[in-house]
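Participant: There's a structure below that I have some questions on.
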Amino acid sequence: MSNIDRRTLVRGSLAAMMAGAASSRAALAQSAEPILLGVSGPLTGPNAQYGAQWKQGFDLALDEIHAAGGINGRKLAYQFEDSQSDPRQSVAIAQKFVSDPRIVMELGDFSSPASMAASPIYQRGGLVQFGFTNSHPDFTKGGDFMWSTSVSQADEQPLLASYAVRRLGLKKLAVLHLNTDWGRTSRDHFVKAAKEYGAEIAVTEGYIAEERDFRSTLVRVRDASPDGLILISYYSDGALIARQARQVGLKQTICAASSVYSPKFLELGGEAVEQVHLGTRYFPEDPRPEVKKFIAGFKAKYNGQEPDAFNAYSYDAMNMAAAVVKIGGTDRRAIRDAFAKVKDVSSVIYGQATFDVESRRVKGAMNAELVVRKGQFTLWDGKPT
Amino acid sequence: MSSWLDYTINGLIVGNVYALVAVGLALIFGVSRLINFAQGSIYLVGAYIGWVAVVRLHTPLPLTIIVVAAAAAMVGLIIERFGLRPLQNSVRIAPLLATIGISFVLDQLVMLTFSPNPRALPSQLPDVRFQLGGGTIGPLDLLIAGVGLTSALLLFVFLRYTKLGWAVRATAQDRDAAMQMGVDVNRVNQAVFGIAAALGGVSGMLVGMYYNQIDTAMSLQATLKGVVAEVVGGAGNVPGAVIGSLLLGLVESYGVAVFGTSYRNLFAFLLLVVVLVLRPSGLFASARQAPPEPLTGTFIAPSRPVRIPRWALLVAAAAFAVLPFFPVSSYVLQTLINAWLLGMLALSLTLVAGTMGQVSLGHAALLAIGAYTSALLSLTLAVPVGLAVIGGGLMSAALGTLLISPSFRLRGHYVSIATLAIGEIVSLVILNWESVTRGPIGISGIPPLSLFGYDLISPFSVYWFSFAVMLVLALLQGRLLGSHLGRSFRAIRDDDIAARAYGLSLNRYKSLAFIFGGFAAGVSGGIAAHLYSYINHETFNTQQSILALTVVILGGLGNVVGAIVGSVALVGLPELFRIAAEYRILIYGIVLLLLVRFRPQGLLGTI
């Protein structure tokens, strides 16, 4: 577990050396070393689970990239540094990556405080910081070396609002949201869109990430008598809220943000998440070829495990990194410029991803309306629940 | 009206859950006067053993409970035998630190064994719900209440009517006297740790089943809430812990009812501070009970500090000052910048905790106050960054001293708990006071450090700047310790009654220490804000407070040079262990334990 990254590195360089030996001496000099990406993210500490999910997505993408011949014949590898999502450590890692000439670009960090504290160092050091889970509206404003494929909440939340209000016909909503920068931004975009679509917001409640008990919150929700509950949550807290809502006898329709899309949501929520609606970027029976390839590859590599949203983000991110490096080569500035040049990179989240050069983000995330039926995520058939 | 009934019921249900941890904590505190920060980790271990039993071995519930209780008791016995017993005769603070180290180690072991992903722990009880008020309760609620109350009752009977129970109480009241009367104190300790750990393990499992979810983050939260409940009830008082837990649950629930969900923990910690200020030994401490801490300063044992010759200090300072001229990487410089920033915080804490004897567990709040003040001054009022950082220091000194002043009458562990609560309160106020602090969105685009119009952005200039600031603060603090002020501080720490008899005003001197300490911490926070360019309520968290305390104890309480050495060591060690990836925090925990074991007075000794 601990040194997948280094093992990948060693394996990568060995394979590259063999490939080089097979061709010519000149090629050997060029392709002996893999092209190295730096990853700053949590492997220990309270967010460790997300770092572990990143690795799964990265490794799958790397397998596919290498099977397809690598980057112009060279291998791609990453060096994962554990930041614990702590800004003090992410800034040290940033200096480490910036001063290491082998690193051509950086991916991460996970939380906004850790990522954005490191941004000035990457910007001044001229190394791309590619944040693929950084939805904070100010992340890419850190400078022209900050790029993000994270779905902007300004894009995602209107889709969820449309699902809840226009499609499910909910008129009076209670919004429960994680009280973080992500949850807060999402809530604001959701509320704005839902009001535009004609719904009334009965109550909004922000809770902290460590919260386990939502019974009293749900009494507040009940007293506001909404006809639908909106969860702007991650899968673990989303499952807790759904369970407790059903336990205290709330029978309203529940509609959740795409971040709950994970097999863990079903496992942790059990019966209670039955009939929960959610918008997602992809789903198991998705006919899109890139999604089919991703899900099949993931299950084959990880003993039948279903991938979730964070696996998909990191898989997409590594593919994007490969596409960028293919154009930009190993020069750090050329890589930054390559972000503006890549077009229509195959992506699980976007279908085809192209950066908007102004905002340095990608627009137009795919959208699918799912519902949990018989313990499975299935495409909503339009039938009221 | 019916809603209030529901809020009350919900409060009691949650209080019920807190009680399970609080009872274990109370038991251990009752005997060894120790707040066991590893109790939450035992709770975590219990939850995962329960998962193995239920999901892998398919044991029926009674057997699951027995397995978990036995395994957790084993863990408790091992902790007592190898983690705490060797520290019996060392400084009072050493076991406290050891439990923090043990909790790191246990949490990491669980995380490495089971992966950090949350897991479902299915309940083994039939899923029937009983209508109660507007909501329902299930059999698990009743089981948890049953376990909580029965264990409290059994413990009460055990302590009051059995021979071993008498021995436990005798040991609690006067360890030496008990030993003279032939009580095998070690056996008593062992029994208590075994019982408390078994209880902790079972409670972790039950709570895991209750939420159908276990993950490695549950440990710290359980400890925090358990400590609050225990202290509210009266530390060391088992029935008090149960009532304290229920009260805590109620206050949280009513807090949510009146102000909304994001204020929930604010009320929990406010309750704690109010109780501590009004009834320092908790709501249910009897008047006859011996004072919770010895009156004279045995909390911090005097030791002979290591004398470092002046020339050696000069050489070291000069070496660090010229370091950037040598070919060192920016990474090394950045790591040392982190060490200097932590060093300023440690200077502040070593003065307050070491010299003054007020062991603070909420010191990160001072960083946060300094950081927000400096960031907002420079962003909204366009104050030059150099002045803004000083403003941050002043604000931190003023506000920090004001906030802490109600707890000036507390002693020993109670100061630590009160400061822990005040630290959490500051962080929650930052989260909720959106008009000023921008809430969870945080403050972005904070300008970089600058001095007299020159931006300090290269690693070299930030390095020199932070090193110089830390050096100036350290020299000032060194002067302070040598003056009559420093002697008065130490006199108060060592014997506050004698100090008062001698005519020293305790509150005034404590305020002075917090003003100076608050300034140093605030400046550190201010510099950090400009260095990071983005801060939010999570940037300066409880882990920072615990890290600072570890630094101070590692360096030697009250020891200025020790605080700096400790900072370099504790920033540097995890970076050195980087190669060990997921194992590094585990290694860090073990190193910490070894240090506490073999050098409890710190590397350079207490001054």
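Glycine is no exception: its Cβ is also placed from the backbone N, Cα and C atoms.
Copied straight from TrEMBL:
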- B:12-35: transmembrane segment (TRANSMEM)
- B:42-59: transmembrane segment (TRANSMEM)
- B:65-84: transmembrane segment (TRANSMEM)
- B:96-116: transmembrane segment (TRANSMEM)
- B:136-159: transmembrane segment (TRANSMEM)
- B:191-211: transmembrane segment (TRANSMEM)
- B:266-287: transmembrane segment (TRANSMEM)
- B:332-354: transmembrane segment (TRANSMEM)
- B:385-405: transmembrane segment (TRANSMEM)
- B:412-431: transmembrane segment (TRANSMEM)
- B:512-535: transmembrane segment (TRANSMEM)
- B:585-604: transmembrane segment (TRANSMEM)
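Please situate the listed features within the shown structure.
Facilitator: Here the transmembrane segment (B:42-59) has long-range neighbours at 21, 24, 67-68, 71-72, 75-76, 79, 106-107, 110, 113-114, 119, 121-122, 124, 197, 200-205, 207-209, 214, 216, 218-219, 222, meaning same-chain residues at least 6 beyond its ends whose C-beta is under 8 angstroms from one of its own.
Remote same-chain partners of the transmembrane segment (B:96-116), defined as residues 6 or more beyond its termini with a Cβ less than 8 Å from a stretch Cβ, comprise 34-38, 40-42, 44-45, 48, 51, 75, 79, 83-84, 87, 215-216, 219-220, 223, 413, 416, 546, 549-550, 553, 582-583, 585-586, 588-590, 592-593, 596-597.
Nonlocal intrachain contacts for the transmembrane segment (B:136-159), taken as residues 6+ away from its ends with a CB within less than 8 angstroms of a stretch CB, comprise 9, 13, 16-17, 19-20, 23, 27, 30, 123, 125-130, 165-166, 168-169, 195, 199, 202-203, 206-207, 209-210, 238-239, 241-242, 245.
Sequence-distant contacts of the transmembrane segment (B:191-211) (same chain, six or more residues past either end, CB-CB distance under 8 Å): 17, 20-21, 23-25, 27-28, 30-32, 36, 39-40, 42-47, 49-51, 64-65, 68-77, 79-80, 84, 121-125, 140-141, 143-144, 147, 151, 155, 164, 168, 218, 222.
Long-range contacts of the transmembrane segment (B:266-287) within the same chain, counting only residues at least 6 positions beyond its ends with a Cβ under 8 Å from a Cβ of the stretch, are 225, 228, 231-235, 237, 239-240, 243-244, 247-248, 251-252, 254-255, 259, 406-407, 409-411, 414, 417-418, 421-422, 424-425, 428-429, 432.
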Participant: Can you find at least 3 Cβ pairs under 8 Å between the transmembrane segment (B:512-535) and the transmembrane segment (B:12-35), where each pair is 6 or more residues apart in sequence?
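Facilitator: Judged by the Cβ rule, the two regions do not touch, with the required three close pairs absent.
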